[in-house]
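Annotated domain 'NADH:quinone oxidoreductase/Mrp antiporter transmembrane' per TrEMBL: A:134-416, in sequence order. Here TrEMBL flags A:6-23, A:85-105, A:112-130, A:136-156, A:168-188, A:208-229, A:275-296, A:303-322, A:334-352, A:373-394, A:406-429, A:450-471 (among others) as transmembrane segment.
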Amino acid sequence: MTDIPLLSLAIWVPIIGGLLVLATGSDRNAPLARMLAFAVAVAGFVVTLPLYTGFDTTTSAMQFVEVSSWIPRFNINYHLGVDGISVLFLLLNAFITIIVVLAGWKVIENKVAQYMAAFLIMSGLMNGIFSALDGVLFYVFFEASLIPMYLIIGVWGGPNRVYAAIKFFLYTLLGSLLMLIVLLYLFMQSGGSFYILDWHQLPLPIEPQILIFLAFLVAFGVKVPMWPVHTWLPDAHVEAPTGGSVVLAAIALKLGAYGFLRFSMPIVPDAAHELSWLVISLSLIAVVYISFVALVQVDMKKLVAYSSISHMGFVTLGFFIFNPLGVEGAIVQMISHGFVSAAMFLCIGVLYDRVHSRQIADYGGVVHTMPKFAAFFMLFAMANSGLPATSGFVGEFMVVLGAVKYNFWIGFIAATSLILSAAYSLWMYKRVVFGKVANKQVAELHDINAREFAFLGILAVCVLAMGLYPFPFTEVMHTSVNELLRHVAVSKL
Amino acid sequence: MNFVVPDFYPAAAEIFVAVMALVTMLASAFARSIARSLAYYATQFTLIAAAFVTIYTMQGEPVYTFNNLFISDLMGDFLKLMIYFSTAIALLYGRAYLADRKLDRPEYYVLALLMTLGMMVMVSANHMLSMYIGLEMMSLALYTMVAFDRNSPRSTEAAMKYFVLGALASGLLLYGMSMIYGATGSLEFSSIAQAVYNQTANQIVLMFGLVFLVAGICFKLGVVPFHMWVPDVYEGAPTAVTLMISTAPKLAAFAMAVRLLIWALFDVAEEWQGMLMMVAVASIALGNLAAIAQQNIKRMLAYSGISHMGFMLLGLLAGVVDGDRHFALNAYSSAMFYAVSYVIMSLASFGMLILLSRAGFEAENIDDFKGLNKRSPWFALMMLFVMFSMAGVPFFIGFFAKLAVLQAVVAAGYFWLAVVAVLLSVAGAFYYLRVVKVMYFDAPVDESPIQAPAEVRIMLSANGIAIAALGLAPQMLMSLCAYALLGSL
């Protein structure tokens, strides 16, 4: 069991599979490209399953570790491993990849092989980010994952795609290059090690800690995205094809949040405590202000994009109140948001494929022509607003509880989001789905087909299962989260 | 006065190339009917054979000969191998291009050999005079090659500009050399180093000489404020010649910087490091910002080259910190790695331009790349590798080159310098992204299939794959650079 390099498989099966898909060439071979992509995506998911079943929940140590020397000149290693915090994201990522391949099955007719390959390669690279234990390896995966996303938005995106793609790339690059300098600084301070867990033990004075924290805040804050560096996200989401939006929302945003847990908090705990007010304030602004922004959107995708920012505000809030409820709630929220936002974007994609509009005003009375779809959309809109018994509730409730423990008013402000998210989600739902049939196009809509039913159905099961019985998720992360918080509580000065 | 026969053995490769250049010239003058291919194949043969000679005569310890005018050491041998390699690839890319424009006269190949010889002498110089002779030999050959398309006013103008400014730079360099001679009483690098170390040199004269030397080096590297010739010459010269200028001569200029600054003037490193710092920051800034405004891709790559050379200088200036030389090897080998990586990327980028050009059509605008993904997905992918590599995005070699240099800069404690360099790289990423954008996001204007000989296609594919493969496994090249420098420090 342990001698199979599971993490390497999780990374390289999708990447090599993606290259194979790319090799199928022109659109004449499109059916082959689709089938192959689906097979690779499923294989990629299958190889991640043993990571969950074989996971030892009693230890916070890194598991499934693989080390081999990569660039000995700078002591850079190909060093992989997962703990309770990261393992779930590999599964989520591999799972979402299958959904994305299915979602692009019929819709994408242009350069199919390249489209599928881009998503598969992206999936492998993101697995690499979640499992890298070497600073440079992490950075390499982190940056390399920009390339496929840039192409996905730019090649298959909407009318303003070039602007959105370049904005996406440059914003993220800016943040991550600052992080690179920090990584080099830590390399020097630690006497020549890029091993992240070595950095966790590295004592640092407060001034460098603050600077490092701020550099990480820019790098990961852009990725999360946090207010006020969030503006690339609505553009990217609106222009990206459905699959791109799904991956962006479900996985790519989690990279930033994951960075906080793996880098910012354990490496510079004193600065994290010192500046927690800053992160908490930015998070609360995201939760409240961005919710209001979401309320006034006329474009469905933009609305969900803003709701993502607001939900990710919950995540960063949960991290920086430094208690187990908050951190675990935040991780649960990340996974739940992975399901819910993916489902929301897929629902919008279903409508867009038929009507070719994302404007709320172009719809109305969809329930009359697409009853099955309306039922699914209802469930996901409810989950997005954090209704109990859906996955959206669990995480938000835990974070709010944690926040109340930390400070009543912070908890209070955060809790308003439960109302606001219900307002924008359900109001949009009402305008799109209920009412009289708005126009001829809506009247001619046909309900979802078997393929669409399949991926929405799977996501619906996930959302409900996680809402009703979150224990399998929290069980995995529990030990690691406690260890992280114990570590963060100790000063490194 | 007795005459001592010098030891020719360490200079065997130089002698071989010199002889072959003359043989090629004579042979092509007599065998007129096959002169073109004869000259081409003779040149390629010479470059490959010279590589074997260099490897065969390689010695672990530095060997001096010709009365200490000449040195054969590992750094020199390594750079010479890279020079043969890049010149051979550049000639391979350029052959059909030149033939289409009736420029593939035998003299071109002879000039290429003489240019190579000049660079070899520069790389192996242990004396101001041999350095200068090598430099002029390389430069004169290059001036002529730039003017090779003699009916083109643009090409002639570029050559004039290059020649006049190059002559000025040579003048500066000579002036600097004479001052150093005045201050230290020697033209040989180790004696200069000794004099500087003993502080017997007149400091004021020495500093003046140093400034002029740095100016000369900066001109040859093409960095701010001696960069003005770069965009014009790159744009005006036939693309095959631009390819020559932008590759191997950068390695020779790097060797010149190492020999003059690190060998001869290491003990005033803090002085020249300060100068290089300004030059490097200005180059990265100007190169990256000016490149954004370009529509002509040759000009864009010229400005990008300016910024890359600036980045390379960051490695050179991180060697000595507060008199501590502990960081020197790490810093200088990172600069060397950067220079070598840049040459590999530059070969591929201008190679792509040659690939897209054909008889009667010059690919030189960014728009000529429009829709390349439709016309040829494979070469679009190769160009994507090159562009992302130049922008410093992993997994490509350009990222590791930047990583190595930034690591040296951070180790030297110049955080602000690293931050400035990194912020300007973000600005730089924009224009590389734009090339990817036109290739992938735009519809093609020109639907004609790509016409290029098989060897160009194969070599260019290998070049593109090398950029990715060396990015996946950069260790070997990095260690080679460090090992080559180890014996020379």
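Using N, Cα and C of the backbone, Cβ positions are placed for all residues, glycine too.
Where the annotation comes from TrEMBL, it is an automatic prediction and has not been curated.
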Cβ-based contact of the transmembrane segment (A:275-296) with the transmembrane segment (A:406-429), 3 or more pairs under 8 Å: yes
Distant-in-sequence neighbours of the transmembrane segment (A:208-229), which means Cβ under 8 A and at least six residues beyond its ends: 171-172, 174-176, 178-179, 181-182, 185-186, 189, 252-253, 255-257, 259-260, 263-264, 267-268, 270-272, 274-275, 278-279, 282-283, 285-286, 289-290, 309, 312-313, 315-316, 492
For the transmembrane segment (A:85-105), sequence-distant contacts whose Cβ falls under 8 Å of one of its Cβ atoms, 6 or more beyond its ends: 7, 10, 14, 34, 37-38, 41-42, 44-45, 47-49, 51-52, 55, 63, 115-116, 119-120, 123, 126-127, 130-131, 241-243, 246-247, 250-251, 254, 258, 261-262, 331, 334-335, 338-339, 342, 346, 349, 451, 454-455, 458-459, 473, 476-477, 480-481, 484
Other parts of the chain folded back onto the transmembrane segment (A:373-394), taken as Cβ under 8 Å at six or more residues beyond its ends: 304, 307, 329, 332-333, 335-337, 339-341, 343-344, 347, 350, 366-367, 417-418, 421-423, 425-426, 428-429, 432-433, 447-448, 452, 456-457, 459-460, 462-468, 470
Within-chain partners of the transmembrane segment (A:406-429) [C-beta distance under 8 Å, separation at least 6 from its ends]: 280, 284, 287-288, 291-292, 294-295, 297, 300, 303, 307, 310-311, 313-314, 317, 321-323, 326, 360, 377-378, 381-382, 384-387, 396, 399-400
